[in-house]
Amino acid sequence: MATPAGLSPASPPAIPGAAAVAACAAMAVSYVAVLYAPTVVLRLPPPTSLRAFLHRRFACAAVASTASALATAALLRVWSLGDFADMLAVFGVRKDHLLQAVVIPLLLTSLVYAGSFVNRLWLLASSWARDGDEVGVSCAQRLVLWIQAAVDDVMVWRNYVVAPFTEELVFRACMIPLLLCGGFKMSTIIFLSPVFFSLAHLNHLFELQQQGCNFMRSLLIVGVQLGYTVIFGWYAAFLFIRTGNLLSPIVAHVFCNMMGLPVFSSPRTKGVASVAFLAGSICFFWLLFPATSPELYNTRLDRCRCWHGFCNWK
């Protein structure tokens with residue numbers, strides 16, 4: 001292969017930076033707008049249950065993601081690459097280095113949650129001490145029941161499957177190649193692309209208002225969400241650019257959705273969670289660049305510091 005993803009540095013066509021930004025903005029708006037299309041455009045009756053509501057949204061997210069991928073392919077003319085694997089590689093869909101792309105980002109992300117792990121282990125130890133041997137006997141049964149409940153829970157599919165896969169496809173796999181081809185530097189893209197990711201969450205303000213939440217409280221909730229999505233967006237964009245594999249930000253996204261906000265401190269752990277969080281955060285930033293070195297995720301770099309050869313091409 002001439003480049004890590006099998007691409008020639010001169011393969012993708014240049015597009016104006018303004019066009020790249022406009023395309024990204026259109027994708028962000030359409031990703032949200034499509035969610036309301038069944039009732040607003042198609043005039044379908046409102047869903048009668050949460051399951052039906054989310055199933056409809058799953059279909060809408062799939063349509064928006066597919067449309068974004070096709071639009072990106074058209075703008076970059078990826079079919080000129082010839083090989084289907086090379087076309088998919090533009091979006092970070094690759095079969096090589098899968099183990100590294102999954103395990104290393106997962107372990108790296110988990111460092112930020114060292115305080116959360118300590119807190120949960122502390123609660124588990126307290127439960128064992130209180131309930132005795134009965135806890136150990138029923139652990140396997142509880143795990144089986146938990147898995148069964150999770151598979152049947154539509155919110156689990158929303159938070160851990162549909163949202164991570166569709167959002168990372170649109171906001172990382174589609175937008176980042178467009179911005180790179182638009183001539184933006186990688187550092188600029190890491191801080192710019194999460195803006196689109198955050199804009200796609202502004203609809204939560206409208207939905208909270210519909211649920212009867214007052215404006216100031218809705219604004220505070222959405223403000224916290226936007227702050228969190230911006231920070232995560234920086235990290236996800238960084239992972240995608242450094243590893244060149246879409247699985248890396250997806251794994252981090254799923255893991256963060258499972259864990260929620262990191263635990264900074266907990267009174268019940270007598271400061272242990274705070275020490276763990278601090279130590280984990282220091283290790284995270286210390287390992288951030290070494291653990292995401294492109295050399296770990298690509299066979300050849302051809303003197304290129306990004307995964308797809310676009311920086312040589314520019």
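From the backbone N, Cα and C atoms, a Cβ is placed for every residue, glycine too.
In the domain 'CAAX prenyl protease 2/Lysostaphin resistance protein A-like' (155-259), the DSSP tally of helix, strand and coil residues is 91 helix, 0 strand, 14 coil. Summarising the annotation, TrEMBL assigns domain 'CAAX prenyl protease 2/Lysostaphin resistance protein A-like' to 155-259.
Feature annotation from TrEMBL assigns transmembrane segment to 14-37 (among others).
If you look up TrEMBL, you'll see 58-79 (among others) marked as transmembrane segment. Here the transmembrane segment (58-79) has long-range neighbours at 12-13, 15, 19-20, 23, 26-27, 30-31, 34-35, 37-38, 86-87, 90-91, 157-158, 162-163, 165-166, 169-170, 173-174, 177-178, 181, meaning same-chain residues at least 6 beyond its ends whose C-beta is under 8 angstroms from one of its own.
Taken from TrEMBL, the feature transmembrane segment applies to 99-122 (among others).
Remote same-chain partners of the transmembrane segment (169-197), defined as residues 6 or more beyond its termini with a Cβ less than 8 Å from a stretch Cβ, comprise 12-21, 23-25, 27-28, 31, 64-65, 68-69, 71-72, 75-76, 90-93, 229-234, 236-238, 240-241, 246, 249, 305-306, 308, 310-311, 314. TrEMBL lists 169-197 (among others) with the feature transmembrane segment.
Summarising the annotation, TrEMBL assigns transmembrane segment to 218-240 (among others).
What TrEMBL lists as transmembrane segment is 246-264 (among others).
Within the chain carrying the transmembrane segment (271-289), a Cβ under 8 angstroms from the stretch's Cβ atoms is held by residues 108, 111-119, 122, 238, 262-265, all 6 or more beyond its ends. As annotated by TrEMBL, transmembrane segment applies to 271-289 (among others).
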With the cut-off at Cβ under 8 Å and a gap of six or more residues from its ends, the chain residues touching the transmembrane segment (14-37) are 57, 60-61, 63-65, 67-68, 71-72, 75-76, 166-167, 170-171, 174-175, 178-179, 181-184, 193, 196-197, 199-200, 202-203
Looking only at the domain 'CAAX prenyl protease 2/Lysostaphin resistance protein A-like' (155-259), mean pLDDT returns 85
